Amino acid sequence: MKKRITWVDWAKGLTILLVVCGHVTIGLFDQHYYTGFKQDLLLILVQALYGFHMPVFFALSGYFFKTPSSWANYGQLIKKRSLALGIPYLFFSIFIFILMLLGGNQVRTQVSWTTLFNIWQRPLGLMWFLYVLWALNVVFGALALWIKDIRWLFALALTASLLANIWPSSIFCVQQVAIWSPCFLAGTLCRRYPLPQKKTIAGMLIISYCLLLFLWWQTNPTNRISYAQPGWQTCFFLIAILIAFTIFPKGQAFADRHPYFTKAGQTSLGIYLFHVPVVSACRWILNALNLHQLGIQLSLGLLLGWFGTRYLVHLWQKVPLLAWLLYPSFSHTQKGKLHD
């Protein structure tokens with residue numbers, strides 16, 4: 001039986017840490033407690049993180065996308081992805097909805113029963129990632145039956161993304177599939193045609209990302225990149241993926257020797273689903289203790305949010321039924337064997 005590809009788990013572990021860091025940072029930015037340089041610094045950090053982590057996550061997911069060879073094979077693909085993504089999507093949508101109802105006016109987005117009944121067409125909060133990931137498998141799995149060359153599929157995805165940025169669709173699924181399809185298929189493309197893992201190339205890409213961040217800052221932004229219609233800022237997504245797939249594969253040996261983030265990557269879905277309420281609770285506690293210093297909020301918020309979320313996921317997986325709701329297609333007797 002094939003072993004997991006260690007560097008991918010390691011990459012997921014590092015990337016999910018950036019997701020937690022991003023939520024800590026954007027929570028502080030959105031509360032508008034700080035002004036001047038501190039608020040500007042938060043905005044720059046938010047932009048740098050949000051331009052990187054979710055595009056890389058879509059690419060890492062697309063890395064394991066296998067184009068079906070027949071309609072029967074396509075049906076098996078959809079069945080597998082519907083099980084792996086659909087059950088967590090339904091259960092955690094209800095779970096998060098209940099938490100938001102209990103939170104009342106303390107939560108940023110108010111919900112009603114209509115919100116829950118509409119999750120088939122508009123996801124609730126962070127559940128959008130699972131929704132879009134499933135839709136990408138459905139759409140491009142079908143298209144791959146006619147378009148066999150992944151390079152042409154990627155070109156189609158780039159075209160769709162361009163059109164969605166110029167003429168956005170009001171249908172959530174259509175717009176999001178178009179926006180994120182280049183990131184998803186970039187991962188597939190990088191598996192078929194691996195990028196050279198050279199320090200000079202990685203350095204140039206990182207410098208390019210920083211220059212892009214500088215150019216963005218010259219536009220006097222008031223908010224971070226929009227995931228609904230990123231426009232020219234889609235360049236952040238593509239450069240981030242190039243950076244990730246130039247650097248992360250070189251971490252295979254390091255990941256084997258130091259498995260901390262590898263283990264975190266194996267539970268990245270759980271960390272993703274639980275980190276929002278944990279980070280929000282940590283920020284509320286720090287505010288209640290009048291610990292408003294930015295450095296304390298960032299450092300303690302990240303530490304408490306990260307370790308608190310990991311511990312919560314650890315406890316959750318102790319209960320077989322709860323573990324199944326999180327990873328329904330994963331055999332817990334075959335831990336560490338296969339990528340989903």
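Even glycines carry a Cβ here, placed using N, Cα and C.
Quick look at what TrEMBL annotates:
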type     : residues : note
DOMAIN   : 6-292    : domain 'Acyltransferase 3'
TRANSMEM : 7-29     : transmembrane segment
TRANSMEM : 41-65    : transmembrane segment
TRANSMEM : 86-104   : transmembrane segment
TRANSMEM : 124-145  : transmembrane segment
TRANSMEM : 152-171  : transmembrane segment
TRANSMEM : 201-219  : transmembrane segment
TRANSMEM : 231-248  : transmembrane segment
TRANSMEM : 269-286  : transmembrane segment
TRANSMEM : 292-313  : transmembrane segment
Can you check how the pLDDT averages out over the domain 'Acyltransferase 3' (6-292)?
94
Given pairs 6 or more apart, does the transmembrane segment (41-65) have at least three Cβ pairs under 8 Å with the transmembrane segment (124-145)?
yes
With an 8 Å cut-off on Cβ pairs and a sequence gap of 6 or more, do the transmembrane segment (7-29) and the transmembrane segment (231-248) reach 3 or more such pairs?
yes
Proximity of the transmembrane segment (86-104) to the transmembrane segment (269-286), 3+ C-beta pairs under 8 angstroms:
yes
